[in-house]
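Chemist: One structure coming up, written as structure tokens, with questions to follow.
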Amino acid sequence: MWLGVITLFPEMFRAVTDFGVTGRAVKNGLLEVQTWNPRDFTHDRHNTVDDRPYGGGPGMLMMVQPLRDAIHAAKAAAGDRAKVIYLSPQGRKLDQHGVTELAKSECLILVCGRYEGVDERIIQTEVDEEWSIGDYVLSGGELPAMTLIDSVARLVPGVLGKQASAEQDSFSDGLLDCPHYTRPEQLDGLDVPAVLLSGDHEKIRLWRLQQSIGRTFLRRPELFENLALTDEQTTLLAQFVNETDKSA
């Protein structure tokens, strides 16, 4: 998968290209990340990349010409196959369904805003989609872009050692993940659930599924609005609720 990033701070993306799962994906040729800095497309000796907004008000906007030229350079490198995404608080909120959609793309160009944002006409003429990672304000689009890259890269075949790792992640099936345990068997008086030590794979599967459903019910009940539970899941949820009520 190829990703182009328009950013005033390309050095930040070493966190993606040099470390962890995404770093290994880059090293193994499964993921390619290229950056374009609008400062490299300026024509003044100060490398100016911000400009005053029409109508006044606080803050500055990213200057149109360097930003637009950087986007055009990324498009030229990617070809017609690239989808241009602007990371914006006004965009569609990123969730696992959205990540799955984006992971089907061969090429993505991510535009990272700074200051008060970008000229609306850039969005109208150069951007295909706007995406947001949440209802809060950040200093720029770099962290959202890295979040998107990391989440999408996990779904690229071969990036994770086992595809089951992605399939069992929180939200992969619309549910939160179940609890996980490793050694030692007892920690500060708390034991690993006996079922996980039983060796009975079917019982372990059912326990994990029930815990996943129950955790979603307790912590993120709104997620059930978009889920159609199977008969098995409905039964496990009813059992979980009954056991929770008894222990309350």
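Note that Cβ sites are derived from N, Cα and C of the backbone, with glycine treated the same way.
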Chemist: ILE133, GLY134, ASP135, TYR136, VAL137, LEU138 show up in Swiss-Prot as binding S-adenosyl-L-methionine; which entry in GLY113, GLY158 does that record put in the same site?
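Modeler: Of the residues offered, the record points to GLY113.
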Chemist: Report, as a single number, how many Cβ atoms besides its own are within 10 Å of the Cβ of LEU138 (S-adenosyl-L-methionine binding site).
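Modeler: For LEU138 (S-adenosyl-L-methionine binding site), the 10 Å Cβ neighbour count is 13.
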Chemist: Looking only at ILE133, VAL137, the binding-site residues on record, which one has the least crowded Cβ, with the fewest other Cβ atoms within 10 Å?
Modeler: VAL137
Chemist: Among the binding-site residues listed here, GLY113, GLY134, whose Cβ has the fewest other Cβ atoms inside 10 Å?
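Modeler: Among the binding-site residues GLY113, GLY134, the sparsest Cβ neighbourhood within 10 Å belongs to GLY134.
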